[in-house]
Amino acid sequence: MQTPKLIRPTLLSMAIVSSMAWATGASAALVPPKGYDAPIEKMKTGDHNFTCEAIPKPYTDKLVFRSKYEGSDKARATLNAVSEEAFRDATKDITTLERGVSKVVMQYMRDGRPEQLDCALNMMTTWAKADALESREFNHTGKSMRKWALGSMSSAYLRLKFSDSHPLANRQQDAQIIEAWFSKLADQVVSDWSNLPLEKINNHSYWAAWSVMSTAVVTNRKDLFDWAVKEFKVAANQVDKDGYLPNEMKRRQRALSYHNYALPPLAMIASFAQANGVDLRPENNGALKRLGDRVLAGVKDPASFAEHNGEKQDMTDLKKDPKFAWLEPYCSLYTCSPDVLEDKHEKQPFKTFRLGGDLTKVYDPTHEKGDKGDNDGS
């Protein structure tokens, strides 16, 4: 029989084709979700009142700051006004940079003025050339500031890098300086937040993973992408069968707020993973959806959280619309119910500097309503 001779090369060719397809897929450049390719709205010329704010002094000192929960017990749920003021003073230049980059990139994507692009890039290159935020001397609050800052800047920069208007085409030297700096910071963030015991893995680790995911796409580094996905899976497997995060339940009266605060980085990571062919929604039997549903139910009626940990919930933070910016990526991953969509539309646009600015512009541009909303992310 001649059949086996015919089958053998056919199987071999199939294997070769399969391996070539795998190699092509493996080497495909990392990309953000679709909305990040949006072009600049208008290329405005002529008179303008844009002023580039003074660039804050690059922070090159050790990353050791007081915690705003200083003196609180293990629950870390009681703010210390004195230490919070000290923390905000010490980190002012860092948060000024975060907010500034996010704000100016949003303005540039709206107006397209060269001065705005110059401003945003100068802010980042100034800090990059100073090796800012790279200190190996840090405490928990310090390494937290590093990952927040990286996430804020890299996710704003995504808008420039992937826009169909190609604003960085003639700014490659600046781009290389900025991206090399982001890459170094991401390596340090991975080091800062790796190999923690499960009882220490909470929203901070999720935000660290978001900063690394955003930087992975900016720098096209699959190793960073894989680390962020791995951290997401750890987070997903912390969500219990009822949608609670046990480590955030420890935050007593702030448990619901911290569950809500855990959602933005997780929803963004899942959205970015999806854009690159990795579906994280099934992880731990749909953990992200379970967590989102639990938080949305808790916002409507916080009694379930109070019953679960014995504490009446502090709803102060949950009255701020930008705290629900996670609904943009979340409702792109899942079919949100009509009442959730109605609530989302009432709160839009969602502008939060820790996620790179205006997420409504990226995920739901038909519901963009101009300048409504504070670029809040604190």
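Each Cβ is built from the backbone N, Cα and C atoms, and glycine gets one as well.
Here Swiss-Prot flags 1-28 as signal peptide, drawing on sequence analysis. The substrate binding site annotation in Swiss-Prot covers Ser67, Lys68, His140, Thr141, Tyr258.
All features noted in Swiss-Prot, drawn onto the structure.
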| residue | record | DSSP class |
| --- | --- | --- |
| Ser67 | substrate binding site | coil |
| His140 | substrate binding site | helix |
| Tyr258 | substrate binding site | helix |
Among all the protein chains here, how many other CB atoms are within 10 A of the CB of Ser67 (substrate binding site)?
18
Determine the C-alpha span of the substrate site listed in the record, that is the greatest distance between any two of Ser67, Lys68, His140, Thr141, Tyr258, in Å to the nearest whole number.
17
For the binding-site residues listed here (Lys68, His140, Thr141), which one has the lowest count of neighbouring CB atoms within 10 Å of its own CB?
His140
Other CB atoms, at most 10 A from the CB of Tyr258 (substrate binding site)
20
